[in-house]
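Q: Pasting in a structure now, in structure tokens, and then I'll have a few things to ask.
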Amino acid sequence: MKKLEDVRVAIDQVDEELVRLFEKRMKLAEDVVEIKTAENLPIFDGARENKVVERAVDRLGNPGNAGAIRSFYHLLMTMSKARQREIMYNQNEDWLTRLIENAEPLKQGPVSVIYQGVSGAYSYEAALQTFGDRAKLENVETFENVFQKIQKGEADYGVLPIENSIMGGVAEVQDHLRSYGCFIVGETEVSVHHCLAAVPGTRLEDVREVRSHPQALGQCREYLQARHMQGITWINTAVAGESVAGEDRKDLAALCSSTAANLHGLEILEENVEDKKNNRTRFIIVAAQMAFQEDFNKTSILFSTEHRSGALLEALSAFAVEDLNLLRIESRPTGHKGWDYWFFVDFAGNVKHPAVQKAMRQLAAEASYFEVLGCYKAAGK
């Protein structure tokens, strides 16, 4: 029987040879990009890559290693292309360089800020938490209205919910973020505690209908079901409270913040009715122009891939190669054809950092669509 130390010595010898061969192959990849640059050829050649992979599979002595060798070669070629792009982009100014150069620092002093809902809404609280008394606040009816105002230059910043710790991403905001071309320039987190509020004199046991935003209804689903209350979708939690205050119904209530309940003269029947008490919502700050500061430590991107096996894995391998921490990945249907998706990704890093630039350039070249949504300072960091 072989001894463990003897096997490890053999592995070390193989690893030494692998390192030598890896460096030799990467040098050849550098030679390839010089030729491709001179002949104006694209870095990615899908047919060539498939041929290389399948040839490696055919050379295997053990067919059971086919899946592993495919993954190995895909990663190897991903690193080769990353090196080639690094050389190419160092020779020429590119889209990422221009994007960073055109970015602006965050505005100081008085700013105009748009949020969806009315006073007392969680977006209102997020706006105050972010900008304080230097903000001139304006409310609009819908999330889309926020993007429209920003796009037209009618406000400096917009405040929008993007993700809840219980219900996940806010799909409508993600869709508008892509379609309106606005940039994320900041974020903040707000603790969300819903109360059940109704017109004065309402008894808890008489409530049958509860109005609120779909996210709030979802966050209080168990509470409502246990009391046989029917959730009614409303445009916003605070607007739901405002609407309940305008009707003299003792079977109707709203899920909203205590601030909104007090603003509209409602009686709080019960506080903290959310199913999970660690309920937080992350809000993004959006602007018409990308922002950049040296202390920014989070980047958001959007991309789509070809609809084929392994495409998403290959695209995301750029982050593993550069040792970047993925913070969030979420998909949304493109709407172009069935089962095609946009992928929204947040990761730790500043767009000026070399590793971040390498990863984004690699992903941009691999993806069928790629867009930088913003670089900003993570909440609480």
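Positions of Cβ are set from backbone N, Cα and C atoms, glycine also.
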Q: Quick check on the annotations: TrEMBL lists coiled coil for one of 4-31, 228-255, 284-311. Which range is it?
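A: That would be 4-31, per the coiled coil entry in TrEMBL.
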Q: What is the number of other Cβ atoms found within 10 Å of the Cβ of Thr281 (site 'Essential for prephenate dehydratase activity')?
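A: There are 24 such Cβ atoms around Thr281 (site 'Essential for prephenate dehydratase activity').
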Q: For the coiled coil (4-31), would you mind checking the mean pLDDT of the predicted model?
A: 93
Q: How does the domain 'ACT' (300-377) divide up by DSSP, counting helix, then strand, then coil residues?
A: 24 helix, 29 strand, 25 coil
